[in-house]
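Engineer: One structure is given below, represented as structure tokens, and several questions about it will come after.
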Amino acid sequence: MLDIKAWAEYVVEWAAKDPYGFLTTVILALTPLFLASAVLSWKLAKMIEAREKEQKKKQKRQENIAKAKRLKKD
């Protein structure tokens, strides 16, 4: 089974002996995750904007229908 304590000691030792190599490796490992997060955030923002636009369109339509019904009654 994986010995987490030994692995953690190895990582700490590696970070102490070669900090630039360690940071480079960590940054390279995390970059795809940051990019995926940015893309998903952008897509979510676009979806929210589209939903809000659609809701405004429906609200405007309902207002126009109500206005037409009022004019029809008069």
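Glycine residues also receive a Cβ, built from the backbone N, Cα and C atoms like all the rest.
For 42-74, the entry in Swiss-Prot reads coiled coil, with the evidence type sequence analysis. Annotation comment: Swiss-Prot describes 55-66 as compositional bias 'Basic and acidic residues'. Per Swiss-Prot, region 'Disordered' is recorded for 55-74. Look at Swiss-Prot and you will find 20-40 tagged as transmembrane segment, backed by sequence analysis.
Quick one: where do these features end up spatially?
Structural biologist: Across all of the coiled coil (42-74), the predicted model scores a mean pLDDT of 91.
In the compositional bias 'Basic and acidic residues' (55-66), the DSSP tally of helix, strand and coil residues is 12 helix, 0 strand, 0 coil.
With a cut-off of 8 Å between Cβ atoms, the residues of this chain six or more beyond the transmembrane segment (20-40) that come close are 14.
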